[in-house]
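A.B. asks: Got a structure for you, questions after.
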Amino acid sequence: MTDRQRVHVIYISYTHENVKAEYKTGKKAVVRPVQKAELTRLANTFRQVSRLHWILVEDAAARSELVTRFVAGAGLPCTHLHVPTPRRYKRPGLPRATEQRNAGLPGVLFFADDDNTYSLELFQEMRTTRKVSVWPVGLVGGRRYERPVVENGKVVGWYTGWRADRPFAIDMAGFAVSLQVILSHPKAVFKRRGSQPGMQESDFLKQITTVEELEPKANNCTKVLVWHTRTEKVNLANEPKYHLDTVNIEV
């Protein structure tokens, strides 16, 4: 086995809180009913990847019972953290998961959203990352895919549907970072202040690398191995407010 094959890869993902307090009634309301389904799909993928450690960061003031039970039964090496997003930042149009991604930075190689779909081949591709590697992402930016444009093994531009003038016109699912790079740039974080929506990737990568140093993967960025599928918004129009089921079933 080569040194590269021995590399242990750490994946950080975040999940939004599933319930919130209703201040008028004092009760809790389900705000993200797809949470467990998305975590199950992601865990099923991770379970097939060797030498993996999952850092799951919950967007909440405390670890929820649902996610805690899920982690306990996931059958994966997993560290369950929690970092709440300040209420003033929970508005449409503002960057998401800033605090959660920063919580995992000491050992992160890849930021995995729980609403994406991943090919197992992607995890093998990123294991050989020396500094920062990149690849295409499917179903993002209003296009079938976006990708780094590669010539002679180097990234020279971006095929993107939104703001091609960004320093790194790439989706969060489109890059991985070596642990050594993270350790050598201890002040590199995802910025909350001064970072526009859609610019967090560029603002972060500018702190640790240059476009010239990027390492194209996935056959010189010509294969899509991750898709920004997202989960369809569920229809709970017939969910009763009264006369609830006598059994409380976790979904």
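Think of each number as a place in line: the chain as shown, counted from 1.
Every residue, even glycine, has its Cβ placed from backbone N, Cα and C.
Heads up, TrEMBL stuff is auto-annotated, nobody curated it.
Got these off TrEMBL a minute ago, pasting:
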- Asp115: Mn(2+) binding site (BINDING)
- Glu146: site 'Interaction with galactose moiety of substrate glycoprotein' (SITE)
- Glu201: active site, proton donor/acceptor (ACT_SITE)
- Asn220: N-linked glycosylation site (CARBOHYD)
- Asn238: site 'Interaction with galactose moiety of substrate glycoprotein' (SITE)
A.B. asks: Going by Cα-Cα distance, which of the recorded positions (Glu146, Asn220, Asn238) sits nearest to the residue listed as 'active site, proton donor/acceptor'?
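C.D. replies: In terms of Cα distance, the residue listed as 'active site, proton donor/acceptor' lies closest to Glu146.
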A.B. asks: In the structure shown, which of the recorded positions Asn220, Asn238 has the fewest other Cβ atoms within 10 Å?
C.D. replies: Asn238
A.B. asks: List every residue in the same chain as Asp115 (Mn(2+) binding site), at least 6 positions away in sequence, whose Cβ is under 8 Å from its Cβ.
C.D. replies: Glu38, His228, Thr229, Arg230, Thr231
A.B. asks: Which residue among the recorded positions Glu146, Glu201 has the fewest other Cβ atoms within 10 Å of its Cβ, if you could check?
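C.D. replies: Least crowded of the recorded positions Glu146, Glu201, by Cβ count within 10 Å, is Glu201.
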A.B. asks: How long is the line from the C-alpha of Glu146 (site 'Interaction with galactose moiety of substrate glycoprotein') to the C-alpha of Asn220 (N-linked glycosylation site), rounded to the nearest angstrom?
C.D. replies: 13
A.B. asks: Rounded to a whole angstrom, what is the C-alpha distance between Asn238 (site 'Interaction with galactose moiety of substrate glycoprotein') and the residue listed as 'N-linked glycosylation site'?
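C.D. replies: Their Cα atoms are separated by 48 Å.
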